[in-house]
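Q: Reproduced below are the annotations present in TrEMBL:
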COMPBIAS  A:1-11  compositional bias 'Polar residues'
REGION    A:1-23  region 'Disordered'
COMPBIAS  A:13-23  compositional bias 'Basic and acidic residues'
TRANSMEM  A:35-56  transmembrane segment
TRANSMEM  A:62-80  transmembrane segment
TRANSMEM  A:87-103  transmembrane segment
TRANSMEM  A:109-126  transmembrane segment
TRANSMEM  A:133-152  transmembrane segment
TRANSMEM  A:188-208  transmembrane segment
TRANSMEM  A:240-263  transmembrane segment
TRANSMEM  A:275-300  transmembrane segment
TRANSMEM  A:312-335  transmembrane segment
Amino acid sequence: MAGQGTTTAPQESGREMQARTEPARRRVIGPGLRTFLIFAVLVGLGALIFPSSYFYRVGTLVWINTLAVTGIVVLLGYVGLVSLGHAGFFAIGAYATAILPNYGIPSPLAMLAGVALAGLLALAVGRPILKLSGYYLAIATLGLGMLIWMVLSKEAWLTGGPDGMVVSGMNARNLFKMVGLKLKSAEAWYWVAGFAAAIGAAIAVNLAGSPSGRALRAIHDSDVAARSLGVDVAKAKSRAFVISALYAAVAGALLALANGYITPETGGFMHSVEMVTMAVLGGASSVFGALVGALILTALPQVLTVFADYEHMVLGGIMVLTMIAMRRGLVPFIVDLWNRRKS
Amino acid sequence: MSLDIDGIGIAFGGIKAVDDVSFTARPGEVTSIIGPNGAGKTTLFNLVSGVYRASAGRVRIDGQDVTGLPGHALARRGMARTFQNLQVFPQMSALDNVMTGCHMQEKSNLLADLLGLASAHRETARSRDAAMAALQRAGLAELAHRPASEMSYGQLKRLEIARALVTGCTILLLDEPAAGCNAVETREVDDLIHAIAAEGKTVVLIEHDMRMVMRISSHIVVLDQGRKIAEGGPEEIRNNPHVIAAYLGAHGAAEAEAAAHV
Amino acid sequence: MSELLQFLVSGITVGAIYAAIALGFTLIYNASGVVNFAQGEFVVIGGMTAAALIGAGVPVWIAAPLAVIAGMLVGVLLYRLAIKPAREAPLVSLIIITIGASIFLRGAMQAVFDKQIHRYDGFSGDAPLRVGGATILPQSLWIVGGSIAVFAFLAWFLNRTRAGRGIKATASNRMAAALVGINTGRAMNLSFALSAAIGALAGVLATPVTFTSYDVGVLMALKGFSATMLGGVGSPLGALAGGLLIGLIEALTAGYISSDYKDASAFIVILLVLFLRPQGLFGARITERV
């Protein structure tokens, strides 16, 4: 498999490659910090051009989705595992943030509790399943997501049932007030969500270039080889699964606070599919893919009503077509095109 | 460390792919496994390295029973291998491929990795140096930044050797390392294996190139239809009538003959 | 006692539907190694198409075969347009493709038909039969009979016909099958067509009892998976037994624990199987070739 299309004779390739081989550059700014700064600039750029609160609200959604999809990038792009139940973890973060303040627990603690709960659940469920081949995780998470959705819809005394519930508690405006900045609520949440997405992206990029990240990427390409190099494959997969669940839960908690209202559909199957589609469309191998996928699939429905009417067909069609025509997604596809034009 | 294989075997759907095979590979020596196609050589490697679970027999490293340990646990006891059908990481550069081999050397801490702390960068820098040195040794230094998917078959074979070397292994299983190499490259691989054994590592080799096998092996194990049919030094094997009948045949015998005159 | 009997009857009825879905999974998995996440959509296509035709006045004995043929056509299209172009793609891509296809078909159902819940009359009327204190809908007999017929047909087809043996050969070694002159492309087409037809048939038979709507496909797929995994992936007998067991567990959960959570039981079964016996009841341990 790996040797496909590598017919270049070794004699000529040595010469040809010398030109492309670049020395390992020592960078002053690490790749994580660089990513954070790029994201920060993009967040600021948005704020510069947005004419109304409506735009800020859509922008907030884009960053929250980017954060959640970054978790999918870690799981799908780095390790090569598909989860069809990540909306479940998203919803656990969201509902903990919504429910716990009703019992006297302050919002920040409630968020933390929700994120921790999602992580623990991922750990408990992931470990036995991740010993098996790829299909099993997809199926098990599909079931897990449905179970979480079921609980959220049926336990109305706790969650408000299918109608959803109001989220009371923290407003981001107050955060900015503390440092003397007066912002509208929509603007305040936009900055918070953008900041969270930037941090999340930086962490994911740090991971990719680190010892742990190399082990994950090795599993993606060949778990047999990874194992032969001493990588505990089941443990590494389970770590990635937990990390990606944490991303989803943080994003869910932010959405609950920013929206002030949540419904069980945040934990629904279609939301899980949406997250995977965003990652696949943008390119699951990088955080910029997550951003592009989240941007397109969040902004497009706002512009095109046809999107709302045919949501399922559009999402499904995108998944199939991307996988057939540009398997690595938009961002790597465009980068490849660009490189080819340059050379 | 010495590797003892004792009566190992496995069956797939009633067919005994490997049946009651025993041998010992010693440090500082090259032990070769030869045999016709389908003799069970790669299956034997998969049994020894924990990819398959043996249905019979024992594997020992320096007398310690390691039978049935998962692959990563065997790796931690010093066993590394390459693969007949190539198991490289095609999306990574050659350098990253080899750096992955440093996994066990890296004192990695997940939190430090996520936060991009200095310790994570330090480990990565150290791995990069070790990987560059290994690439150099395998004659691939100038391809370090090339994606593995763009390398030739022979280069990938050597890439796997470099990756196995940086694990810090004491036992190295090589599955057809010279496949796809031209005469010059084969000679280089030959020298590399020699040097690895000379460092005191235990090398077990599967190879079809009879000249190479006869040249560098101290000890040869011959498999046919899953069973060991002969064992001994190159000279013994060359003159063993069973081996000639079962495996070498007219063509192989001629090659071995040619090798004798190199 | 009669209560228990009633639960068992309804458990076997839905179980037979899950068994049919699981048989469809098994067929495609055995032929191609693909786990088809869109399998549940065939059930919906069968049910919705039959409902629409019957609603338009077409007699049921014409509507039912047409619905099965519709499912079959979609199955072939799915293979030709989505699976075949990505045949050499890694596992992850194939998972995403079949999920995408499933979502796409769900949307197509909604666009072609509507978002309503549909049913039609049972084939032999809806007057319940009384057997030892339990009532049985005549349609339940159709469903159970249908599943047994599908199982018997598959057993005969795969072992006794040339085309069926082609599928089996393709499954065990595509290259070797091609070398001995088996048209592996046709075998793949055939397995998708048959699998889709089986799913659609399950939908046609089940709709009078379980109702149908555009969005039940995923749940059906999940139940079918649970059945497949419980029985052991790749084993037709396992699919049949697994389906019936899942149906029974579900009916008993609904009866004795909570009808709100009857759908959860399938998921709990999946998890238990994965924790305790990943190869399922009838599956062999799989050794991956490297």
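Easy rule for this one: first residue shown is 1, then count along the chain.
Glycine too: its Cβ is placed from the backbone N, Cα and C atoms.
Help me understand the surroundings of these features in the structure.
A: Remote same-chain residues near the transmembrane segment (A:35-56) are listed as 29, 63, 184, 186-187, 189-191, 194-195, 197-199, 201-202, 205, 287, 291 (criterion: CB distance under 8 Å, separation of at least six residues from the stretch ends).
Within its own chain, the transmembrane segment (A:87-103) is flanked in space by residues 68, 109-111, 113-115, 117-118, 121-122, 141, 144-145, 147-149, 152, 158-159, 165-169, 245-246, 248-253, 255-257, 262, 264, 266-272, 274-275, which lie at least six positions past its ends and keep a Cβ under 8 Å from the stretch.
Remote same-chain partners of the transmembrane segment (A:109-126), defined as residues 6 or more beyond its termini with a Cβ less than 8 Å from a stretch Cβ, comprise 89, 92-97, 99-101, 137, 140-141, 144, 169, 237-238, 241-242, 244-246, 248-250, 252-253, 257.
Nonlocal intrachain contacts for the transmembrane segment (A:240-263), taken as residues 6+ away from its ends with a CB within less than 8 angstroms of a stretch CB, comprise 60-61, 64-65, 67-68, 70-72, 74-75, 78-79, 81, 83, 86-87, 89-98, 107, 110-111, 114-115, 117-119, 121-123, 126, 130, 137, 162-172, 189, 192-193, 196, 200, 207, 216, 275.
Within its own chain, the transmembrane segment (A:275-300) is flanked in space by residues 35, 39, 42, 58, 61-63, 65-66, 68-70, 72-73, 76-78, 82-84, 86-87, 90, 197, 200-201, 204-205, 248, 307, 315, 318-319, 322-323, 328-333, which lie at least six positions past its ends and keep a Cβ under 8 Å from the stretch.
Tertiary neighbourhood of the transmembrane segment (A:312-335): same-chain residues 270, 273-274, 276-277, 279-286, 288-289, 292-293, 296-297, selected by CB-CB distance under 8 Å and a gap of 6+ residues from either end.
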